[in-house]
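Report on one structure; see the data block that follows.
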């Protein structure tokens, strides 16, 4: 059981993270990954347990907060809120916005508690399984994860692949693992330890993507009336089964490489439409169309901790930032973490529970506050984000060089985002590249350069086969369509 001292120590970061995350979800154009990136420097002021719980709270809170604008304005703060907006906004137009918001919060809370239990049960088992994997297996899994992140949910795969390769190249900068010689440092001593994760992540997400995508809301935006907040018993009963089904769908999708909260929400809504007795209610405001997708959204976000903590494989941009936080705090996810810092995993699980409790408290009684925030002009956020990013990066390293890197990556992120290039694969490449390189080198050393020995490892061929299938799937689908037309 968690001690009262630890609970008290984690309650503050969980509440702060949940509040910031809700604010981020309510205000479109910022996003949890950018907020987590901006908080990375400040996380050094906290113990590792509190820092990770704070960042998790931000991520979970953003999923909650997104439903507010999705339901009231049909303008979700997160992509996954698009699905909730379909039925939620129609309920709002019928004067049932408060009920829709309450059902969304309660479904997300239920999904969060169930998913926390799943993470607690499955992650240690996955980490123990990882102990039996050789370096060749790990390298193959990292490659599969990278390919899945590029191929699943990315409308322009070639652009995503190019950004992944750019990230891998940036990850090579520094000192060679094997020989100890400087590599691609341009003669700069500041790059001998590699490109700093903090200026890179804060620059790309905290500055570049936010400045490019932040549209803001104008003052005086028409907001649907809230109406009554507390659902009737019959409405709660009707929402329970969709919430449980959404939790199952979201947890499954979240644990897969490249799992997306948007994909989980879409699958949940499709499932609810399929099992509904009265399908005509969809498109006119169905509470099950809010409960299911919101539960799936939150479950998918939190289930992403299973592969992250168990194997060190992030499933989305926010999880990549969280992996960077682990590394910056000297924590290696996987079996090593369970051996050296088992109390950290316990703190994360209880932090998830506390964050979900905090979100329930913040989302039901304070709905009016979040609604009033939507009427404010958001132009003041841009200079504030830049200021926080610069001060945070400089405070973390006290190096003007890192501030220059921040500016460079901020400009790069802005240009790439304007050109419709995804930024997340760059972070994946930088974070996963050194892991892949280290394990591949060790695998060749163990096999003495014999590639056939590497292919004989249990997970290498299945992982490579799945990666190849993901890459070739669009071509296979096109050939199948052409063959069907010819017949």
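Placement of Cβ uses the backbone N, Cα and C atoms for every residue, glycine included.
Which of 307-328, 373-394 counts as transmembrane segment depends on TrEMBL, and there it is 373-394.
When TrEMBL is compared with the stretches 276-297, 452-473, the one noted as transmembrane segment is 452-473. Stretch with the most C-beta contacts under 8 angstroms to the transmembrane segment (452-473), considering only 37-62, 99-123, 129-151, 347-367, 422-440: 129-151.
Averaged over the domain 'DUF112' (14-427), the predicted model has a pLDDT of 79. Residues 60, 63-64, 67-68, 71-72, 84, 87-88, 91-92, 226-231, 235-236, 239, 242-244, 246-247, 250-251, 254-255, 287, 290-292, 294-299, 302-303, 305-306, 309-310, 345, 349, 352-353, 355-357, 359-360, 363-364, 367 of the same chain lie 6+ residues outside the transmembrane segment (99-123) yet bring a C-beta within less than 8 angstroms of a C-beta in it. Within the same chain, residues 157, 160-161, 164, 256-258, 307, 310-311, 313-316, 334-335, 424-425, 428-429, 432, 435-436, 438-440, 442-443, 446-447, 454, 457-460, 463-464, 466-467, 470-471, 473 sit at least 6 positions outside the transmembrane segment (129-151) and bring their C-beta atoms closer than 8 Å to a C-beta of that stretch.
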